[in-house]
Ligand code: X8Z
Ligand code: ZN
């Protein structure tokens, strides 16, 4: 099963080749001008027939392998026994071997000389963005490093804040507890303590492993023909303008972001005072309701403008109407069929895990699963009856729709058009669902409050989630790119320089290069690229706007709900059915009726335009829209190049600051 067999070329292959060649000539010009040649191609075989035969065999074997691994992962995720974990690890190890064998075969071809664009593209996909090019021992070392860093991350436990000054009995708070405290506590001292605990305990223990991880990923990238791991990560977007376009998009979002930050800063100063929040300055990371300061929507009591509509939540109505988890899934299914999309197949209802089962340990993080056999698609969710879960159900079911619509494509094309599309599509649907207009249409909401106040509060809530998130989502991989290009000597000061410059966020206490604060975000130790979330953020608004236009909606975008619009459904289907078979810029060009073929922030800016106008009027007395970069802020994280004498002064200064912090803690 694992060997990729060679077979004799037959006349059948020649016929396939002719058809594909014709297809390639028609399609060729589409990819041509975005094509990127890797610098080194090991292979010399440019025989199209052999390449076609290899890809045909790969397609069948990769689907089978995917089915086996998904089945083992599902069994473990829904019943976390040691036996199921062992079986999953075995299957994953087999898949790693299969990937290596595939790479070894794929690399024998010289894809730069193969005339068929589709074959060339598939071979390139198999020989890039892979670590299989490392020697076995380095390949295994890299996998071992990542799993050890993930274990460290999963087992971090922090001490609660000692309000009464006594040393806590237990230090067993895990990430979910940390997130709850960061969202609910309004004690600056407790938030500072928890923030410092989490960042101190997660990063430093994995720092040396992370440095070695960067070395190995760079080695793999260079074997694959790239300058470094960052260039290889960007290659997944098959577009030489991609990095530059994203930088431009963030610049276009900054005016809105800076108005939001100035408004939020004023509200935070009202709550915590100017000693904690520097007027006109950057925001300290610990008081924004989120351990990573990536989503500011957990502080509605502090920032939402109209008190009589603090929180937009239909949970109460759901409970009043006696909703069950199953009914939530049926409601989501009806949302999609109302657009003309497919109902969930029987296997979905038979095999999904819609609620947390009794009597066994399960992984409760919601997720959508494709078993790669074209019929078996599932959601795993510990569904509670509340609005947050109802939104998640719709989000995960959007992923299932994507899986179903591209199911008949070759295995390599059964994916989003680029790494941001799956999340972008799923979140675009939510822009219709998480919407006062939609909840009114499905009988879950009667707005008896002032419509203007409702809209501003709703838009503010969305901005605290989406606009606040933009610079954060952008800088995570910028940090990784920089490390892979320039080395790991100043990882932490680079991290905070990117955060302060792009996000106007600073650490609440001094940080040094002894720390590794970026590792506080799981995606860093878990080797999960992050740019896809920034891409998804912009895409969701582009897709939403295109669906609203197809539905002939003419009002403000945040009031658009495409529920029951077959025309909007057709826009969505046209994205889903292409999977990764068409270049994502083609998909965007079709989506926007030729207006653009890029990831663009324009739709997002149009969605938030009513809020921007409101913020500008609220901020008209603010001297600084955005933040001033004070030297005291930079001093919190910049590596000081000091003479010997000054070095000791510095360490006295840090001890002094630490002593002050501890004293403050004890006073609280
Ligand atoms: O990592 C995730 C999901 C897995 S696809 C839980 N997200 C990003 C994050 O948590 O930072 C979803 C939103 C952005
Ligand atoms: Zn998702």
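Cβ coordinates come from backbone N, Cα and C, glycine included.
TrEMBL: automatically predicted annotations, no manual curation.
Database features (TrEMBL):
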SIGNAL    1-32  signal peptide
CARBOHYD  79  N-linked glycosylation site
DISULFID  159-171  disulfide bond
CARBOHYD  164  N-linked glycosylation site
BINDING   237  chloride binding site
DISULFID  364-382  disulfide bond
BINDING   395, 399, 423  Zn(2+) 2 binding site
BINDING   395, 399, 423  Zn(2+) 1 binding site
ACT_SITE  396  active site, proton acceptor 1
ACT_SITE  523  active site, proton donor 2
ACT_SITE  523  active site, proton donor 1
DISULFID  548-560  disulfide bond
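Checking the recorded positions 164, 237, 364, 382, 423, 560 for a CB within less than 6 Å of any atom of ligand 2 leaves 423, listed in sequence order.
One residue stands out among the disulfide-bonded residues 159, 364, 382, 560 for having the most other Cβ atoms within 10 Å of its Cβ: 560.
Take the mean position of the Cβ atoms of 395, 399, 423, the recorded Zn(2+) 1 site; other residues of that chain with a Cβ within 8 Å of it are 368, 396, 398, 422, 425, 426, 427. In this structure, residue 395 (Zn(2+) 2 binding site) is part of a helix by DSSP. Here the Cα atom of residue 423 (Zn(2+) 2 binding site) is found 19 Å from that of residue 548 (disulfide bond). For residue 560 (disulfide bond), the spatially nearest entry among the recorded positions 237, 395, 396, 399 is 395, judged by CA separation. When Cα-Cα distances from residue 395 (Zn(2+) 2 binding site) are compared across the recorded positions 164, 237, 364, 523, 548, the shortest belongs to 364. For residue 79 (N-linked glycosylation site), the nearest of the recorded positions 159, 171, 237, 523, 548 in terms of C-alpha separation is 523. In this structure the C-alpha atoms belonging to residue 548 (disulfide bond) and residue 364 (disulfide bond) are separated by 33 Å. The two recorded residues the residue listed as 'chloride binding site' and the residue listed as 'active site, proton acceptor 1' have their Cα atoms spaced 24 Å from each other.
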